[in-house]
Amino acid sequence: MSAPLSLTINGKQYEVGEVSPNTHLLTFLHDNQLLGTHKTCYKGACGACTVVATLTDPDTLEKKTMTINSCLVPVLACVGWELTTIEGLGNKYDGYHVIQERLTQHSGTQCGYCSPGMVMNMYGLSQSKAEWTKEDVEQQLDGTVCRCTGYRPILDAFKSLTPQDIEDVHKTRCPTTGKACSGCCSNKPKGEGKKACGKSAGSPLKLKDSTWHQPSSLQELLDTLAGLPEGTKYTLVCGNTAQAVYEGGPYTEYIYTGNVPELSAVKLETEALVFGANVSITRLMEQLFLAAQTLGGFAYVSHLAETWKHLGNTSLRNLGSWGGNIATKVNHPDFTSDIFVGLVTAGATITTVSPDGSSDTHTLEELMEVDLVGQRRVILQVSLPPLPDDVFVRTIKVRPRTSTALADVSAGFKVRVDAATAHTVVDAPVIVYNGINSSFIRATATEAALAGKSLEDEMVLQAALSALATEVVPAIKPGETSPEYRLSLTQTLLYKMVLGVLGDSASTASKLSLRILKPGQWGKPVTKVEAPIQCSGEAEYVTKIPARPGELYGVFVTSTQANARLVSIDTTDALAIPGVVGFVGAEDIRGQNNMLAFAADWVPGSSQPVFASERVEYNGQPLGLLVATNRSAAYAGLEAVKVTYDDIQAPVITIDEALTKPLPPSQFPPVVIGDVAAGFAASTHVIEGAMRRGGQLHYQLETQITIVNPTDDGFEVHSATQWASETQRAIAQVLGVPDNQVHVSVKRLGGGFGGKIDQCNIVSTAAAVAAQKMRRPVRVQLDLSDNMRIVGGREPYLCTYKVGFDDAGKLQAVQAVLTADSGYKGVDVSSSSAVAAMPSCYACSNWELTPQFILTNTPVTTWCRTPGTVEGICFMENIMDHVAAELGLDPLELRQRNLLPDGGSRRLGKEIIQLRSRMAGCNVKDLPDEVTIPRNLISNMITQLLASADVEKRKAEVAQFNKDNLWKKRGLTVMPMLWPHSVPPVYPFSVLVAVNARDGSVSISHGGSEMGQGLNTKVAQVAAYELGIPMDTISFVPTSTHTNPNSSSTSGSLGSDTCSYCVGEACKILRARLDTYKQVAGLLDASWKEVVLSAFNAGVDISQRYVNGANETQGYAVFGVACSEVELDVLTGQFMILRTDILEDAGRSLSPLVDIGQIEGGFVMGQGLLTLEKIVFDAATGKNLSDSVWTYHTPMALDIPVDIRVTLLEDAPNPVGVQSSKVTSEPPVCLAYSAVMALRQAVTSARQDAGTTGWFQMDAPLTYESLQQLCLVDVSRLTLA
């Protein structure tokens, strides 16, 4: 009898048990209550699921350790592996691992959801290399997303680690050996691997609907293929990383090739470099670098490996094989394979073998014509030939962000030239492009145009570029870059190649400077209270609550149309699938089909259905919820649901389309100050313009999730919500039950950013309806892709403006219309906030600012970090740049001339204050029209930043740089900001401070939601200060609608401020009561613990509840100044931010580390909004084409500013702030516009070189494509002159 299949996790052996070939390691970990490894994208592109694996190479029998994505690899492929998860490093009981400690000390965790993945990435690096560099650390984090911190503190933490640190500190004990554990057992004899634990090829594993084969030799693999009946649906499995981009199956036969030695063989010889098909991309790169250094004729392969550093990310390259990558290209010709481009360029050959043992050798182009699956051919190996030293080989990848991105265009060039004869091309060159269309590989006409010709001849270059323009016909790829951009890239990359061969100084003029990340700046450290358990994976989120007996898993049935009548939903076939239990739709709602309670008060009369009932209004709209016993069954059932539509109409997708229709009702009034007509009449200059800015997805790593459990007295709800009271009300309203029958509890969120204020109730109300009908617990968690399709993000905007000013640039009149795209319902509209914030720190006597919103067939857009305010401030900065350009003034000088004076007034943002009041259940009236700014700190802050950032010197250097470089440009600008913190008179948070009698420890429960912003840390600091006790005696109890009823939304930077205030007031009352008792009892010298126990025994209440009343907290202005310097590759549009200096007014900061982390994280989120993150909807179907981690690009660790320096303004206490502090989490998002201003300066220089001057509209996001097009790159300018 064969031994059961098993694997080792953290030193403990686990039997695989009953699984399917599609059961991923991540699912297995969670099924075995190893919950510290988080799940988000299931595509290997967010890093939350990272674990460390040690496995035996079947060729060398040596063990190798690496990070992998547990969301992709099948658990059956892991048989015999030794795995380390976050639980295997350290914990609060046995002590923390040094990596966890260092991340904690550097304040490298905020919401904490990414932290276990970050820790495991660094741990994997430390276990795979004896030594590492700072660049290695940066590269290691190339596939791990953090939406909160901006990455800087994480990188600083890990760069501070040395090999000695790892060797010296191992806090946990191995369950197997009892010795200090480095995270993976190494006590097995060399060579003992999977075959000892698994089944042989002669006994394939028979599963429920399929068979899993594990051949241990090439012959066994071929015999297995030969034995499959005709027509069998089979697949070869190695790393399974192709599933990140292409979902295949289902199959009846799965053949795992990871145990076949012949497929893992590596031969580095002078005649050729030979690699078996299963060699991982990481190992392939390592061996290529080695060959380039040690073998003659192979120096060129290092260039291939350098480009492949940008293929996927480290964990994908560790797990994925080059052979699998090439097979994916063969099966999906539209796949932009970087490996394919490199191998074609090198002239590599591929050997395949058929089931009868016969083999063939192919070029890569020939391989594309082979039906690998139909012929059952196996890719055996690749052979790379040596090349003479005079052969120039380069590969280039232009991608939408630095890492974890597919190429827009990748190119390869192989050219042999005779430098002595004017760089004449000696042999036929090779020019390869990928990303053009599914059939294009070689630019043969262009190759012919160069063959035998001199690259120093201008006519030769122009003939080649002309040939390229003729033979390259890019396909239209909806949701991707335009054909025009991709054609331009083929030409500019060829141009770069020619310049590179010639060695002209211009050849480096379009290559960005080397990225060397610099450490951040830090204030006085106060460790975030949850940081240690976040870094150890022990922090509890809703996702980690174990399933209850009988719990069901729900998935949404969503619309595939954006504007149609819903005819029917047929679930018959779905309900027949084993494990599928039922379906709920609009007809099952016993209360109101409206998920908005108090949230409906922002736009009067607004509502939002839980499920569509008559018409569908966006592609992805929930139609119902399918519930099953597990996730796999639910998704299998989803595929079987049939939805019928009629009256299908073209969707309205854009603001411009919507503006052709009447505006929806309930528009907001304009902000009118002075008389703009008189202002324009008095102006010597009047300009008009516009700016568009796209939306932004929240991209929280903890996606929307709710668990609803029916109880004997109602419904127990665990929800990732920023507004527990609204979730309670919404569920009760939908179910038709009293609010007191819904009990909502919130411990912490894995990121919020506004997306979990009311739109989280899409999930919570649907789960509640299912729980009510099925009378069983129901869990609904959206996959990241579903989250991106179903839940709306930040509003897209259009700003049109007219501005009058005098010869000195002093503003005389500003007239603007700010139009927000609210999606299919006007629910969370921010345009009134935008016009209130628009004046920022500038003075003008005459304003007419009109907010409006329109409706489109897209998801309801909602609050997103500093909603409205970022739009108003950024649009104003665009106007200031336009004015400066019109007058030829220095942009900063123009701004300084228009700064609001001390004692100046600005219009109060009444609408946002009234909104927040109504959301709190109140209706505030009699608000003043204006608010006075006693002191505008901006002028002094600009002076301080000019000195600290050495701005004048650097501006001169930038000017000289732009003069010296044609194809590489820089920009450096300074941006000031006044961010209005609007606080309504009534915005209650209920808190409870409870002292425990025995030991004096304190438990606090507040109505806010901790989501990484440091709310609990600041609350603990205030409580410790007011009570006079150490912070480590304070702990937190989850927010609940019973303990903290009727609390407001944690949003608008109000949560931390108000909860800290309320806890402070509660502690003052409690402290006064205890101080009085001390006096009466004569305990003046007694310790806190003694006083508490004595007071309790005397009947004194040692707990205190507090709710803030009207006008207890007040609004104020937050000031900030930022200076950003960028470098732009004109030919491709790629750029990097070289340096950003931020000086922000935080009052007297409660927690400098928390505040600096918030500032950096906010800036990087703003950077994403304004540059990388683009949402595209299909014009015909309304489908979100950016609903994948591979098509929506948030900033990664290698995208942030190379050098970021954050300073908190000193000696600026806030007289109306909590402990004299100010909020910090939202204002810095606006300061990211400084990078846009710097990019404008760089683009302006490029346009001047192209012979074009004057103002130009620059919409955001500024993707690489839009920047390159703005630079007016034209083929006629690609010359050798």
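Here the Cβ of each residue, glycine as well, is placed from N, Cα and C on the backbone.
There are 25 other Cβ atoms within 10 Å of the Cβ belonging to E1226 (active site, proton acceptor). According to TrEMBL, the active site, proton acceptor annotation covers E1226.
Listed in sequence order, A48, C71, D783, L784, S785, V1189 are the same-chain residues six or more apart from C41 ([2Fe-2S] cluster 1 binding site) with CB atoms under 8 A from its CB. Sequence annotations record features per position, and here TrEMBL assigns [2Fe-2S] cluster 1 binding site to C41, C46, C49, C71.
According to TrEMBL, the feature [2Fe-2S] cluster 2 binding site maps to C111, C114, C146, C148. Neighbour count (other Cβ atoms within 10 Å of the Cβ, all protein chains): 28 for C111 ([2Fe-2S] cluster 2 binding site).
A sphere of 10 angstroms centred on the C-beta of D334 (FAD binding site) encloses 14 other C-beta atoms. The FAD binding site annotation in TrEMBL covers S321, W322, G323, G324, N325, D334, K397.
Residues or ranges marked as Mo-molybdopterin binding site by TrEMBL: Q722, F753, R865, G1052. R865 (Mo-molybdopterin binding site): 26 other CB atoms within 10 A of its CB, across all protein chains.
Residues or ranges marked as domain '2Fe-2S ferredoxin-type' by TrEMBL: 3-89. Across the domain '2Fe-2S ferredoxin-type' (3-89), the prediction's mean pLDDT works out to 95.
The domain 'FAD-binding PCMH-type' feature in TrEMBL is assigned to 205-389.
Cα distances from G324 (FAD binding site) to the binding-site residues C49, C114, F753 are smallest for C49. On its own chain, S321 (FAD binding site) has C238, G239, A277, N278, V279, S280, I281 as residues at least 6 apart in sequence with a Cβ closer than 8 Å to its own Cβ.
Checking Cα-Cα distances from C46 ([2Fe-2S] cluster 1 binding site) against the binding-site residues (C114, C146, K397, Q722, R865) with a 10 Å cut-off leaves C114, C146, in sequence order. E1226 (active site, proton acceptor) has its Cα within 10 Å of the Cα of these binding-site residues: R865, G1052, taken from C114, C148, Q722, R865, G1052.
A gap of 28 Å separates the Cα atoms of C49 ([2Fe-2S] cluster 1 binding site) and D334 (FAD binding site).
Minimal Cβ crowding within 10 Å, among the binding-site residues W322, F753, is found at W322. Separation of the C-alpha atoms of C148 ([2Fe-2S] cluster 2 binding site) and K397 (FAD binding site): 28 Å, rounded to the nearest whole number. When the Cα of Q722 (Mo-molybdopterin binding site) is compared against those of the binding-site residues C111, C114, G323, D334, the shortest separation belongs to C111.
In sequence order, T109, Q110, G112, Y113, S115, V145, R147, T149, L701, G750, G751, G1012, G1161 are the same-chain residues whose CB sits within 8 A of the CB centroid of C111, C114, C146, C148, the residues recorded for [2Fe-2S] cluster 2 being left out.
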